[in-house]
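A.B. asks: This is the feature table in TrEMBL:
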{"type": "DOMAIN", "residues": "48-295", "note": "domain 'ABC transporter'"}
{"type": "TRANSMEM", "residues": "385-403", "note": "transmembrane segment"}
{"type": "TRANSMEM", "residues": "415-438", "note": "transmembrane segment"}
{"type": "TRANSMEM", "residues": "458-483", "note": "transmembrane segment"}
{"type": "TRANSMEM", "residues": "495-520", "note": "transmembrane segment"}
{"type": "TRANSMEM", "residues": "526-546", "note": "transmembrane segment"}
{"type": "TRANSMEM", "residues": "558-576", "note": "transmembrane segment"}
{"type": "TRANSMEM", "residues": "611-629", "note": "transmembrane segment"}
Amino acid sequence: MEAVLMEASTRDHQNGGDSVVNYSADIGHIKNGGVAFNMEPSNAPVEIKFQNVSYSVTEGSIFKKRIKKEILHEVNGRFPAGQLIAIMGPSGAGKSTLLNVLSGYSIQGVEGRVSINGTPRKLKAFRRLSCYITQEDRLQPLLTVQENMQTSADLKLPSNTTQKDKEAIIKEILTTLGLNDTKNRSIANTLTRGLSGGQKKRLSIALELVSNPLVMFLDEPTTGLDSSSCKLCLELLKVLARQGRTIICTIHQPSASLFQMFDQVYVLSAGKCLYQGGAQKMLQFFEDVQFRCPKFHNPADYVIELACGEHGQDKIDKMIERSDNGKNVKYFDDAGKFLETTSFASTVMFEDDTGNLQATSKFNQLKVLLKRGYIKSKRDTTLTYLRIGVNVITALMLGTLYLKAGTDGSKVLDNYNLLFSILMHHTFSTMMLTILTFPTEMSILIKEHFNRWYSLKMYFTSITIIDIPISIFSCFIFTAIVYYMTAQPYDNTRFIMFFVTSLLVVFVAQSFGLTIGAYFDVVDGTFLGPTLTVPMMMFAGFGVSLRDLPRYLYWGSYISYLRFALEGVVGAVYGLNRPKIDCPDEYCHYRDPKKFLADVAVKSDQFGNDVIALVLFWFILRTLSFVVLKYKLHSVR
Ligand SMILES: Nc1ncnc2c1ncn2[C@@H]1O[C@H](COP(=O)(O)OP(=O)(O)OP(=O)(O)O)[C@@H](O)[C@H]1O
């Protein structure tokens, strides 16, 4: 890495230390031993220009009047290629908002014009050339650095790239980013050391570098890093910029040494541009507006003080006026030059707005996601091992509590309670696990999906398929233990009916949890999941039998999947013309299963319908969770 950094600084020096870069030398190529990780060589650097860009959101709710709030107010700017650009400003100034608008992450509520090398930005084409690195590192924690990189290469490089080339590209990037020594380390390993904050940040960049983007957007890349990691991170970004990329990052308040590393800064205050131009030219700007930046004072600190209004609103207004809300290009290091250099490039690659966003076929996306899902399942202590453990322990506890209750005519009601407890176990354990774990996965999904790793359909198909074997295994173990410990009728048909019903409950509950987890955060989901399950328990016929349910509430039994599940398991145990049960006492009220079935209003010949109803619930909830997920991905933008 040092060699690369030195190479960059030498080049910088050759350029007189200013920001004019010889693009053609490097664009699209980081070479090592003849291996280039650019699959589609390009000599078209990207200049982003934006004019009169406003961004507004609508605030309020159904109970409150909805009002439009404007966050960016007709800002203008120009981000030339080959430069490391900082969007600065106090908290709440609109830095992330501007980054989101320019990257195409925010699409609703945006007004104004964004152009790429002089032509209006075509979003699909632009997204193919750019990437977005979020502030928090959304990495797959159970995978090693190498596995994360392999997944990225398998998804982001064209399918005809050989494994040998992929390995060379990965090695090249990891070496450049100083991550080669950590390649076999898990991101968050509790036993050995995971990755440090700086390493995670570099890995986030490495994952996106695989497709060699021409534009990189980074939201607060230095947040949470110590000063030397911050410096290393910015040095790396500068190298990438020098190779011809346009690197735009938001930064809160850089130290003087970090501030000097930026080629260009864009200062925002309350959604308006105070200054745009070279980092080195900011002092000249202060002189021009007759502000006195105290001697030995970091200009970055001073400009933030001004932007916060510490020196008065009149100074803010004066700066906005001077910068013409971003239109003034006087303070660019290469004010005249860059306008010519960026009118050069072929615009073809920026115009192709057709076709898929992803680099590989749907089949390949599914294959890679299944492989990644398999590795994760093998290592996941919560979703795999805890889940199996809980099923075994709960089954043993229920088995002990209701030992041999199935063949005891005096314990038919106890046995009925057991059947209901089994359904509750399947419902809550599966649903809650999904509600609690999916929001973490959701944040990774948002990032990877926006960066075009895969389509939502393929992601959804993969998580559906991956969960099936583990659901079958844990449900089978649970059913086998409980069924035989509690001495339910030893009959293959009944056992299969019992198992199939239980498994369908697992699938339905999981889809229900996914629908909630896809929309709500952990807190709301944890509250809503059980709360919405209670009415379904009520309408299942437990506690109040279906026969005694008031007529005006009977509709509820049709929307409760637990009603069909209870009918299924009760039918499996007491249906199929089961003969009278042995009675250890003088009198057993429910010795005759038919009498019991009549009293709980369960029809024993409905198994086929119960299965169809449960499959329908599964299908509907699964479809609903997909729709919610799609909506959520759209609504966050
Ligand atoms: N979806 C939204 N709904 C309502 N207000 C929003 C929304 N998004 C942003 N804002 C508001 O817009 C302003 C700018 O937000 P933004 O996140 O861009 O600021 P920032 O400069 O990046 O701040 P920070 O440095 O603290 O991250 C803030 O006041 C924020 O509350």
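Here the Cβ of each residue, glycine as well, is placed from N, Cα and C on the backbone.
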A.B. asks: Would you kindly list the residues that approach the transmembrane segment (385-403) from elsewhere in its chain, counting only those six or more residues past its ends and only Cβ-Cβ distances under 8 Å?
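C.D. replies: Contacts with the transmembrane segment (385-403): 411, 414-415, 417-418, 421-422, 425, 429, 433, 470, 473-475, 477-479, 481-482, 484-487.
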A.B. asks: State the residues, same chain only, that lie 6 or more residues beyond the ends of the transmembrane segment (458-483) and have a CB under 8 A from a CB inside it; answer 'none' if no residue qualifies.
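C.D. replies: Long-range Cβ neighbours of the transmembrane segment (458-483): 362, 365-366, 369-370, 373-374, 377, 383-384, 387-388, 391-392, 394-396, 398-399, 418, 422, 425-426, 430, 445, 449, 495, 498-499, 502-503, 506-507, 510, 622, 626, 629.
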A.B. asks: Across the domain 'ABC transporter' (48-295), what is the average pLDDT of the model, as a whole number?
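C.D. replies: The answer is 87, the mean pLDDT of the model over that range.
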